[in-house]
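Let me begin by presenting the structure, written as C-alpha cells, before commenting on it.
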Amino acid sequence: FAWRNTCFPWQFVGRCLHWQCVGRCFYWRCALRYSHWRCVGQYSHWRYVGRCFYWRIDKDCSRRNQMDFDDVLGEVGSFGRYQKTMIFFFLLPMSFFNAFMMNQLLFQVVVPDHWCHVQGRETSGLDWDQWRNLTIPRWNSSTGYSSCLMYQLAQSEGTSRNISHSTQTQVCSSGWDFDSSQFEATLATTNGWFCEKAIFLQHVLALNMVGNALGTLVLPHIGDKYLGRRMILRISLVIYIVFTVPQVWISNASLHMLLRFLAGFGNHTYNLVPYVIVLEVIASGRRSLTTALFYGAWTTGMCFTALVAFLVPHWQYLALLSCLPPLIALLLLRLIPESPRWLISKGRVEECIDILLQIAMTNGREEVSKEGLRESLEAMSLKQEEELGIHHVLRYPRLRLRTILVLLMAFCIYTTYGVVLMGINVMPSNYFVSHFLSSVFQFPSNLTGWVSIQYLGRRNTCIITLTLATLFCITASFCLHDEWALVLVTGVLKLCFSMTLQSMFILVSEIFPTPVRSSGLGLYLVFGLWPMAISPYILHVSDLLMSTYLWFIC
C-alpha cells in the first residue's frame, strides 16, 4: 500500500485494510480481495490498482486532521493578552495566597517558652523572676527552667513572705505561664497542650498532611474523570473554609484534629489545579517561564506569612484570616473558564469552541472562525488517547523499576524537606525572622534550578543538590549554638531541596510514557506527601533529645 498526505488512522489485517479518515474525508473497508468504500465529503481521490490502493487527501483536509491542540492554540494565540492576564491575575495570586494558607499553620502550633503556674506570688511580695527562681527548678544553667515541673512549696502560718521549697518536685497542677513576647496565643497556650499533651501539636500537623495526601489522590481524579478542573477547585476551596472556621472555637483535641485532617483534604488540589488550568492554554515554550513565576509567587507568599504572623500573633485570628483568600478565589472563579483541553477530552466540543473564540478575541485573532475550530476539534476528539490508571504503571518491568526508584526518592526527599520546612524554631529568639530568612533562600532556586536543568540535565541536578543537602545537614549539627549560622545553613538546605523538587518533577513527567504520565505524577506526589506526616514527629523527638540527632537523621 502506498499513500501521500494521509491524515487518518488505519490498520492492515491480512489482505484487508480497515481504515477511517477523521474529519470530513472518506473511509473504506477491504473484505478479502474486494474493496467496499464510501466517500464522505469532497476531499478524497483514490484509484484501485491490482491489490493496492493509491489515494491522496486535499491539503486542507490533511492539515486539519493532523493538528493537535497546541496547533489550535497557536491559531487563537498561545501567549497573548489572555494568557498573561490569566498568569498575573489568577495563577500568581492563587499561588501567593496558597503559600500563606498552608504556612500559617506553622505559626499556630508554635510552643513558646513556658513553665508551671504557681499560685501565691501576689501575696509573696516577689517579682516574676524571683518567684520563678523560687518555685521552678532548673535543668541546668544553660537550658533554663523546667517546663513541666515545680517545687513543692511550704508557707509558714501567719506570714506571707516566709515561703520555702523542698528539693522534691511535682508536675504542674495549676496550669502554665508562658512567654508572650512573640505570640499572644497559640494552640498550645489556648488549649494547654504542654508537656505530655505537646504531642497533640504534632498530631495536628501530621493529620493535616495526611489529609493533604489523601485529597491529592482523590480530588484530582474526580475532577479529571467527572467534574472538571474549575469545579473541583471550587470544591477544594469550600472544603478548606467549612472545616477551618469551626477550629477556632473547638478545644476538644480529637474533634480539632479531625477538622484539621478534613481542612487539609483540599490543600494540594487548590495549589495544583490553577497551575494546570493556566498551563494548558500556554505554548509549550513558555511553560518553563510560567513555572518559574508560579514558584516565585509561592516563595513570596511564604515570606508574606512571616509578616502576617508578626502583625497578627494570635492563632485564632490567623486561622480566620486564612479563609479570606479562598473566599476571594471563589468570586474570581466565576470569571475563569474551564480548561479547553479537559472539555475536548470529554467530547464537549461546542463549549471548547466558545472558550477558544474568547481567547482569540482577547488576543486580537479576529481571523479565527468557528467552523474552522469545529472541524479541527471534532477531528481531535476522535483521536483522544485513552488515559490509563495508576495500576497500569506496575504491569511492565521497566516501568515497575522506575516507579520503585521514583517513589523511594520521593519518600526521602519529602521527609527531609518537611523537617526543614516545618522547623521554624531554628531561631527561637525570633520565629518570624527565622521563617522569613529561610524562605528568602528559595528565590534563587527558580533561576539556578532552571539553568542547572538546562545545562547539567535532570538527573545530574538531583545528584548534585542532594549531595550538597547531605553535606549541609551534617554542617547544621555543628551550628546548634549559633542561631544565625543555623538559619543560614537551613536556608541553603531549602535552596537545595527546591532545586531538587523542581528537577524531580520534570524528570518524573519525562520518565513515564504519555498514557500513564498523569498516573505516575499523581503517585509520585502522593507518595511524597505521605511521609511528610512523619516530619513533625522527627522535630518533636529532636526537642526531647539533642538536636544534633535531627540533622544526622536528615
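Each residue, glycine too, has its Cβ placed from N, Cα and C.
Keep in mind the model is a prediction, meaning the values are calculated, not measured.
What TrEMBL records for 87-554 is domain 'Major facilitator superfamily (MFS) profile'.
Look at TrEMBL and you will find 87-107 (among others) tagged as transmembrane segment. Within its own chain, the transmembrane segment (87-107) is flanked in space by residues 183, 186, 204-205, 208, 240, 267, 270-271, 274-275, 277-278, 282, 290, 293-295, 297-302, 304-305, 308-309, 315, 318-319, 321-322, 325-326, 328-329, 332, 336, 421-422, 424, 431, 435, which lie at least six positions past its ends and keep a Cβ under 8 Å from the stretch.
Per TrEMBL, the feature transmembrane segment maps to 199-219 (among others). Same-chain residues lying 6+ beyond the ends of the transmembrane segment (199-219) with a Cβ under 8 Å from its Cβ atoms: 105, 109, 111, 187-188, 191, 193, 232, 235-236, 239, 253, 256-258, 260-269, 272, 418, 422, 522, 525-526, 529-530, 532-537, 539-540.
Residues 101, 215, 219-220, 222-223, 256, 259-260, 262-263, 265-267, 269-270, 273-274, 277, 316, 319-320, 322-323, 326-327, 329-330, 333 of the same chain sit 6 or more residues outside the transmembrane segment (231-249) yet have a Cβ under 8 Å from a Cβ within it. The transmembrane segment annotation in TrEMBL covers 231-249 (among others).
Summarising the annotation, TrEMBL assigns transmembrane segment to 269-285 (among others). Long-range contacts of the transmembrane segment (269-285) within the same chain, counting only residues at least 6 positions beyond its ends with a Cβ under 8 Å from a Cβ of the stretch, are 70, 73-74, 78-79, 82-83, 86-87, 90-91, 94-95, 98, 102, 215-216, 219-220, 223, 229-230, 232-233, 236-237, 240, 291, 294, 326, 329, 336, 339-342, 359.
According to TrEMBL, the feature transmembrane segment maps to 292-311 (among others). Outside the transmembrane segment (292-311), and at least 6 residues removed from its termini, the chain residues within Cβ reach (under 8 Å) are 87, 91-93, 95-100, 103-104, 106-107, 275, 318, 321, 431-433, 435-436, 439-440, 442-443, 445-447, 450, 498, 502.
Annotation comment: TrEMBL describes 317-336 (among others) as transmembrane segment. If you look at the transmembrane segment (317-336), the same-chain residues 6 or more away from its ends with a CB under 8 A from one of its CBs are 86, 90, 94, 97-98, 100-101, 104, 107-108, 230, 233-234, 237-238, 240-241, 244-245, 247-248, 270, 277, 308-309.
Feature annotation from TrEMBL assigns transmembrane segment to 404-426 (among others).
The transmembrane segment feature in TrEMBL is assigned to 432-453 (among others).
Per TrEMBL, the feature transmembrane segment maps to 460-478 (among others).
Same-chain residues lying 6 or more positions outside the transmembrane segment (484-509) and placing a CB less than 8 Å from one of its CB atoms are 291, 295, 406, 409-410, 413, 416-417, 420-421, 423, 426-427, 433-434, 437-442, 444-446, 448-450, 452-453, 458-459, 461-462, 465-466, 468-469, 472-473, 475-476, 517, 520-521, 524. Per TrEMBL, the feature transmembrane segment maps to 484-509 (among others).
Sequence-remote contacts of a segment are chain residues at least 6 beyond its ends whose Cβ falls under 8 Å from one of its Cβ atoms, and for the transmembrane segment (521-539) they are 201-202, 205-207, 209-210, 212-213, 216-217, 220-221, 268, 390, 393, 403, 406-407, 410-411, 413-415, 417-419, 421-423, 425, 504-505, 508-509, 512, 550, 553. The transmembrane segment annotation in TrEMBL covers 521-539 (among others).
Restricting the average to the domain 'Major facilitator superfamily (MFS) profile' (87-554) gives a pLDDT of 83.
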